[in-house]
Amino acid sequence: MNDKHIKWIILFTPTLVIFFWELFRHQSHVLHYISMDLGNWLSPLWVFLVTITVVRKLFTRYDHMKYQLEKEREEKAILQERERIARELHDGTAQALFLCSVQMNAMKEESDPRWHELEHSLRQVHDYVRNSISHLKAPPQEGVVGWEKKVRNLIQEFKLDTGVDIHVDIEPNLDLTSKEKATILSCLQEALTNIRKHAQAEHLSITLKAHFKGWQLAVQDDGVGFEPQAIADSHHFGLRIMEDRAQEVGATLHFYRKDDRTHLLITKGGN
């Protein structure tokens, strides 16, 4: 049953109820028990009862179908946007970085030590762009279960690569939009990248739970840490990207050092 069928049923149900009720109550044997005046009073009652028992269920089903359709459209729009961004990164930024790398290699003969620092920074940016392109081109896994599996796979790969002891607490079946899922996954990936490169951590805790009317992602590590104002530093563009992504879904990012642990909190729906 599609949405058009539901609309027609909702439209004609009251009319059909009145039609069959009037046929029934005007039967000669029924008139002995139900007078004309009583029948007139019962008519709206029958319509009301049918509306409560039948039409209300149809409205609920129609709303659910409409929600699913809007969700599919949103996921399709997100996929198209991901493909567009990946294409622009590949055609523009990645190729420009590759050209800069070639030109820089040709200038190394000047033996300026600053070239090595520039080469290292350029390689980091290039790797970041390539990882972003790969992430954008990867087909999204459908459903909550597929998304949760992708998050856990990301954590497991980090654990295998680094040997860091990780405590994971992810609440199942969180009510998240497609954009929120993409944001959480991207921010978690960026957080793990930062820990891998800078933190020198031995223990890591990752928590994702419902929080008031929203959710909260908490990442804690016992590494060397760095200053909270790093978000404002132009060199730490990964942290600034996380903050921008959080703001796009109405969430806030808090980054601080406490009890010899670095805390990264991304929260939506509460303080």
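Heads up, the Cβ atoms here are built off N, Cα and C, so glycines get one too.
Keep in mind the model is a prediction, meaning the values are calculated, not measured.
Feature annotations, courtesy of TrEMBL:
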type	residues	note
COILED	62-89	coiled coil
DOMAIN	184-258	domain 'Histidine kinase/HSP90-like ATPase'
TRANSMEM	41-59	transmembrane segment
> Taking residues 6+ outside the transmembrane segment (41-59), which of them lie with a CB under 8 Å of any CB in it?
Replying inline: 6, 9-10, 13-14, 17-18, 21-22, 25, 34
>> Summarise the domain 'Histidine kinase/HSP90-like ATPase' (184-258) as counts of helix, strand and coil residues per DSSP.
In response: 33 helix, 24 strand, 18 coil
